[in-house]
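Here it is: the structure, laid out below.
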Amino acid sequence: MRLLRPLLRRKPLPLSRLHSTASNTPPTPTPTPTPTPTSNTTHFGFKTVREDEKESLVGQVFGNVASSYDLMNDVMSGGVHRLWKDHFIRTLAPGPTTKLLDVAGGTGDIAFRFLDYISATHPNPSPHVTLLDINPAMLAVGQQRAQQLGHTNIAFTEGNAERLEGIEDASVDAYTIAFGIRNCTHVDRVLREAYRVLKPGGRFMCLEFGSVENPVVARMYDLYSFHLIPTMGGLIANDRESYQYLVESIRKFPPQPVFADMIKEAGFKVVGKGWEDLTFGVAAIHSGFKL
Amino acid sequence: MLAIRRSATRALGRAPVSIVATSHIPHAVTCRVHRIQTVRHNSSGPDATSKRAAISYDVNLQNEEQAVSSQTDVTATHILEASLKHVPQHGWTVQALGAGASDLGYPSVLHGLFPRGGVDLIDYFLKKSKREMKAEMEKLDLESMKITAKIRTACITRLKLTGPYISRWPEALALMGQPQNVPMSLGNLGELVDDMWYLAGDRSVDMNWYSKRTLLAGVYTSTELYMTQDRSPDFEETWKFLDRRLQDVAFIGRTASEVTNYLQFGVRSAFGILSSFGHKTPFNR
C-alpha cells in the first residue's frame, strides 16, 4: 500500500477530470482554466490552440500514427471498431450504382467495406468511391492496402473536408466520414460542404465517438481511455502524446444531441432523433438526408 | 447555451410522457393535458385511423419541425408506394426500398428514411390495404347484406390485395413474427378486424366486442396462411377455406351459448334438488 501511495498521489489530476466527464453536461472537462475557444482559438484535445495551428497539429498526429493506425484501432477497441464499421455499411446498404465520397477515409476501412458489400449484394454493380483525406501518410497506407486487396475503383484524393475543391455540387449519392469529423477545425463548414456535394435525396453518414450516458459504463470507459489507451499508444506505437490527444479529442467532441442539432442546422433532415448509439454510446452513427 | 439546447432537445424528445409523468406538476395541469390529448384524438373523427396511417413513418414529428417534416413524409410515402412494385423481385427488403427511391430519381441510399427497412414497407402495405378494403366495402350496398356476407366480402376484398405479393408474403409473415415487430403486426391485425366488424355494422360494447374480434382475427390469419400455399386459379380454394372457417366460427358462437345454457340449467336443477332436501341455496334463500 505504501508503495502504491506515491502512485495514487501522482494521479489526482486525471481522476478529478474523470468526474466532470462522466456527468451529462457538454464537455468542459479541462481542469486547467483555459479560455473558451473564441473565434480565433479552438481546442486541440484539452489544449486551446490558435485555429490556424490545429490543422497542422492534427496533421502531425496522423503523420505519426499512420503506419500503426490499423493495429492500434484493433488493440484499443478489442476489434470492436470492425463491428461498428460493418454495421455502418450495412446501415448505409448502398445500391448497385451508388457513388460514395468517403471523407477522412485514410486507410480505407469504410471504402473497402462499401465495395465488398456491393459486390456481395448486387449482381452487376458499378459503384464508385472517392476516398479523400487531408493526410498523405494515411492515404499512402490506404493505397497500399487497396493494392493488396485488389480494389481498383477507388480514387484516392488529398483534400480538406472543409473545402471540397474539385467536387461538384450535387454529385455524390452518399457522404461518409468515420472517426474524422472530430479532428476538423470547423465542423460546421464540413457539414455545409457535405450538404453541397450531395445529390438531392443523398445521405450524410458519420461514425464518430460519442458520450456515454450510463454512469457505470462511463466511469469504466473514462478509466480505460485516460489510463490505458495512452499507455498502449506508448508501448505499441511508441507515441503516447498522439493517443493522449485521441482520448482528449473524443471528450471535446459535442455529445450526440448537440451534434445532431448541428447536422440539422446544416440543412439536413434527420429521422427520429438522428443517431444510433453503438456500445453504450462510445460511438454513434449520425445520419442526415438532403431533402 | 449548449447545455440549454441539449436539455431542450431531450425534453422535446419525450414531451408528452414526461409532462404527464412529472409528479410535482399540479393535478389540475395534468388533467388538462390529458383532456387536450383526448379532445384532439376525438376531433379527428371516425377517419382517424386512415389519417394516422399516412403520417405514421415518424420522420421527426416534433413541434416546430412538423411543417418541414410533412414534406419529408410526402417523399417517404411516395418512395414506399414506388417500392411496392419491386417487392415481387426483391422481397420486403431495403433493396426494394432503394429501387423505389431510384425510380423517383433519388439515390438508392435514401432507403435510410426507413430505419426498420422492409418492416416499414410491410407496415405501409398493411395500412394502405386496410384503407383500400374499407373504401371498396363502402361502395357496396352494405344495408342489404347479412352480417356473415359482409364479413366474408371484407375478408376476400382484403386478401385479394395481398394477391400480387403472395409469393413474397411468407417472408413478410416471418418478419412480422419477429418479437420486435409483433406490436406492429398485432396492431395492424387488430385495426383490420375492427374495421371489418365496424363495416359489418357491429356496434357491440360488451364482452362480445373482444370475442368477435378475436375469432375473426383467427379466421383471417389462418385464411391468409392458407392463401400463401394456394395454387388454384384466382384463389378459389382459399375462398372455400374461408367459408369453412366462417362456419366453424358460427358453430363456436352457437355452441358457446348452448353450453352456457346447459350449464345454467344443470346448476339450477342441482340446487333445486338440494333445496328439496332442505338445504339453503342462492335460489331459495
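Cβ from N, Cα, C; glycine included.
In case it helps, TrEMBL gives these features for our protein:
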{"type": "BINDING", "residues": "A:Thr107, A:Asp133, A:Asn160, A:Ala161", "note": "S-adenosyl-L-methionine binding site"}
{"type": "COMPBIAS", "residues": "A:26-36", "note": "compositional bias 'Pro residues'"}
{"type": "REGION", "residues": "A:14-44", "note": "region 'Disordered'"}
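Mind mapping these onto the model and telling me what they sit next to?
Mapped onto three states, the DSSP output places A:Ala161 (S-adenosyl-L-methionine binding site) in coil. Around A:Ala161 (S-adenosyl-L-methionine binding site), the same-chain residues six or more apart in sequence whose CB sits under 8 Å from its CB are A:Val103, A:Ala104, A:Leu132, A:Ile134, A:Ile177, A:Gly180, A:Ile181, A:Cys184, A:Val190, A:Glu193, listed in sequence order.
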For A:Asn160 (S-adenosyl-L-methionine binding site), what residues in its own chain, 6 or more apart in sequence, show a Cβ-Cβ distance under 8 Å?
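Listed in sequence order, they are A:Glu55, A:Ile134.
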Would you mind ranking the binding-site residues A:Thr107, A:Asp133 by how many other Cβ atoms sit within 10 Å of each Cβ and giving me the lowest?
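Comparing Cβ neighbours within 10 Å for the binding-site residues A:Thr107, A:Asp133, A:Thr107 has the fewest.
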Based on the record's binding annotation for S-adenosyl-L-methionine (A:Thr107, A:Asp133, A:Asn160, A:Ala161), what whole-number value in Å is the widest Cα to Cα distance?
16
